[in-house]
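**Q** The domain 'EngA-type G 1' feature in Swiss-Prot is assigned to 4-168. The GTP 1 binding site annotation in Swiss-Prot covers 10-17, 57-61, 120-123. Positions annotated as domain 'EngA-type G 2' by Swiss-Prot: 222-395. According to Swiss-Prot, the GTP 2 binding site annotation covers 228-235, 275-279, 340-343, on the basis of sequence analysis. Per Swiss-Prot, domain 'KH-like' is recorded for 396-480, and the stated evidence type is sequence analysis.
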Amino acid sequence: MTTPVVALVGRPNVGKSTLFNRLTRTRDALVADFPGLTRDRKYGQANIAGYDFIVIDTGGIDGTEEGVEEKMAEQSLLAIEEADVVLFLVDARAGLTSADIGIANYLRQRQNKITVVVANKTDGIDADSHCAEFYQLGLGEVEQIAASQGRGVSALMEQVLAPIAEKMNAESPEQSAVENTDVSETGEQDEWDHDFDFANEEDTALLDDAIAEELEAQDKNIKIAIVGRPNVGKSTLTNRILGEDRVVVYDLPGTTRDSIYIPMERDGQHYTIIDTAGVRKRGKVHLAVEKFSVIKTLQAIQDANVVLLTIDAREGVSDQDLSLLGFILNAGRSLVIVVNKWDGLNQDIKDQVKSELDRRLDFIDFARVHFISALHGSGVGNLFDSIQEAYACATQKMTTSMLTRILQMATDEHQPPMMGGRRIKLKYAHPGGYNPPIIVVHGNQMDKLPDSYKRYLSNYYRRSLKIIGSPIRLLFQEGNNPFAGKRNKLTPNQLRKRKRLMKFIKKSKR
């Protein structure tokens with residue numbers, strides 16, 4: 001399912017950056033600045049009311065001086081064109097301006113876009129009277145928020161994203177039926193909360209089996225996204241991969257706009273190459289901006305199983321590479337570092353490049369690094385070994401007994417610290433998901449466990465499970481059953497997963 005894109009549009013100083021920070025902070029998401037595309041474009045990943053989406057701050061637009069279309073930068077236009085939802089921010093305190101009218105005239109021409117007028121800075125004023133004049137813009141209802149305080153933000157995002165989710169569910173009736181299940185009427189939420197005991201060996205065994213069955217049912221086709229800055233050789237690498245030992249290759253336009261999904265087979269394994277550069281016939285490439293779209297890249301990362309981050313050996317690791325890397329890790333995707341254009345460099349320069357990689361990428365020492373020449377093909381074939389290794393590690397089977405045993409060994413070697421005269425106690429661990437591997441650790445005083453000890457546990461699990469090429473996530477829960485007595489509203493994804501697990505557990509208990 002394609003991740004929805006939300007673009008924030010408006011004149012300067014209406015609170016777009018404040019809303020952007022409010023949205024992305026909900027998941028502590030990386031805010032990626034990509035210099036050189038247009039001035040201060042910002043892209044981030046966010047989650048509101050159970051919906052994952054990409055949010056874009058298009059920067060301030062002044063529609064009064066040279067006309068909206070001329071004043072907008074190319075990337076701002078592209079963001080609006082590729083967005084699923086456009087949030088048009090206006091300042092409730094300042095009132096309607098000629099710049100607002102100019103922007104509204106442009107947006108009104110894009111009738112195929114979901115456009116919502118959002119009146120910001122409504123705190124401390126009579127919001128209804130101040131917002132009345134914005135109805136003249138002719139863009140429908142005016143939503144009221146106070147981005148600096150977060151008031152109305154969650155309700156706004158849930159309102160604008162719900163129609164997109166319904167449209168996607170309509171294309172998948174089975175998923176829609178699951179998401180529309182009334183949890184309170186079926187009573188299954190209570191059964192999951194109160195009857196399932198994580199401390200009970202029989203129940204944890206059933207959970208292990210349910211997760212294993214779900215893992216087994218997953219599509220074994222590995223989706224590979226090739227991402228990187230402009231002119232690092234992404235298209236050359238794609239063509240080189242497709243030209244090497246291929247069996248079935250054809251161009252299939254994907255649901256992610258303008259990205260091309262290319263199925264292929266190699267040594268009996270099915271892959272899908274996601275080319276963010278847009279592999280198409282030469283005659284159809286008209287705009288230089290198609291060479292690199294941040295939006296397409298971020299969506300490809302979300303949709304992939306393994307990401308090949310391509311770096312130009314002659315230019316080294318840039319801040320933009322690190323921004324992309326941060327987004328990959330935040331999305332939990334498996335990673336292979338590809339250093340391209342390795343041919344023709346003398347040994348001194350190669351040593352300098354390797355030294356810089358070690359220095360700037362020391363925080364991702366779990367990822368394999370390959371030095372290749374996409375143009376000449378040297379080293380390209382070896383990429384598939386690392387791709388398969390990373391995917392296998394990200395989807396490997398884990399059991400409660402295995403994870404608890406590793407936890408006990410880790411605490412025996414290095415005990416948790418004392419807090420308030422009491423030692424923090426880690427009781428047991430169980431699998432919480434895969435791709436990336438998620439390990440849920442239960443114990444007492446989890447909120448007081450230092451970050452340094454969490455890193456120690458993460459590294460210990462990585463070494464013990466031999467996880468290469470994939471991030472690993474640890475979740476810390478207080479007590480035996482953190483779900484007992486709680487009736488949290490589940491997200492659509494959680495509803496689908498809970499439905500599958502409960503169905504399996506009920507069948508196993510008969």
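Yeah, the Cβs are placed from backbone N, Cα and C, and that goes for glycine too.
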**Q** Under the DSSP assignment, what numbers of helix, strand and coil residues are found in the domain 'KH-like' (396-480)?
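**A** Each residue of the domain 'KH-like' (396-480) counted once, the result is 32 helix, 24 strand, 29 coil.
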**Q** Over the span of the domain 'KH-like' (396-480), how high is the average pLDDT in this prediction?
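**A** Across the residues of the domain 'KH-like' (396-480) the model's pLDDT averages 90 on the 0 to 100 scale.
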**Q** Cα of Thr276 (GTP 2 binding site) to Cα of Asn13 (GTP 1 binding site): how many Å, rounded?
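**A** Computed Cα spacing between Thr276 (GTP 2 binding site) and Asn13 (GTP 1 binding site) is 33 Å.
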**Q** Is Lys16 (GTP 1 binding site) helix, strand or coil when read with DSSP?
**A** helix
**Q** Through the lens of DSSP with three states only, how would you label Gly228 (GTP 2 binding site)?
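**A** Looking at the DSSP assignment, Gly228 (GTP 2 binding site) belongs to a strand.
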**Q** To the nearest whole angstrom, what is the C-alpha distance linking Gly10 (GTP 1 binding site) and Asn231 (GTP 2 binding site)?
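**A** Distance between the two Cα atoms comes out at 32 Å.
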**Q** For Thr58 (GTP 1 binding site), identify the closest of the binding-site residues Gly228, Asn231, Lys234, judging by Cα separation.
**A** Gly228
**Q** Ranking the binding-site residues Asn13, Thr58, Thr122, Asn231, Thr276 by other Cβ atoms within 10 Å, which is at the bottom?
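**A** Relative to the other binding-site residues in Asn13, Thr58, Thr122, Asn231, Thr276, Asn13 has the fewest Cβ atoms within 10 Å.
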**Q** Find the shortest Cα-Cα separation between Lys16 (GTP 1 binding site) and the binding-site residues Gly228, Asn231, Lys234, Trp342, and name the residue that gives it.
**A** Gly228
**Q** Return the residues near Trp342 (GTP 2 binding site), defined as same-chain residues 6+ apart in sequence whose C-beta is under 8 angstroms from its C-beta, sorted by sequence, else 'none'.
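**A** Looking at Cβ-Cβ distances below 8 Å from Trp342 (GTP 2 binding site), excluding near sequence neighbours, one finds Ala313, Lys350, Phe371, Ile372, Ser373, Ser378, Gly379.
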**Q** Return only the integer: C-alpha distance in Å from Thr122 (GTP 1 binding site) to Gly228 (GTP 2 binding site).
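**A** Between the alpha carbons of Thr122 (GTP 1 binding site) and Gly228 (GTP 2 binding site) there are 41 Å.
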**Q** How long is the line from the C-alpha of Asn13 (GTP 1 binding site) to the C-alpha of Asn231 (GTP 2 binding site), rounded to the nearest angstrom?
**A** 35
**Q** May I ask you to report the DSSP-based helix, strand or coil state of Thr276 (GTP 2 binding site)?
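**A** Going by the DSSP assignment, Thr276 (GTP 2 binding site) belongs to neither helix nor strand, so it counts as coil.
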**Q** Let me check the 10 A CB neighbour count of Lys234 (GTP 2 binding site). How many other CB atoms are there?
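**A** Its Cβ has 27 other Cβ atoms within 10 Å.
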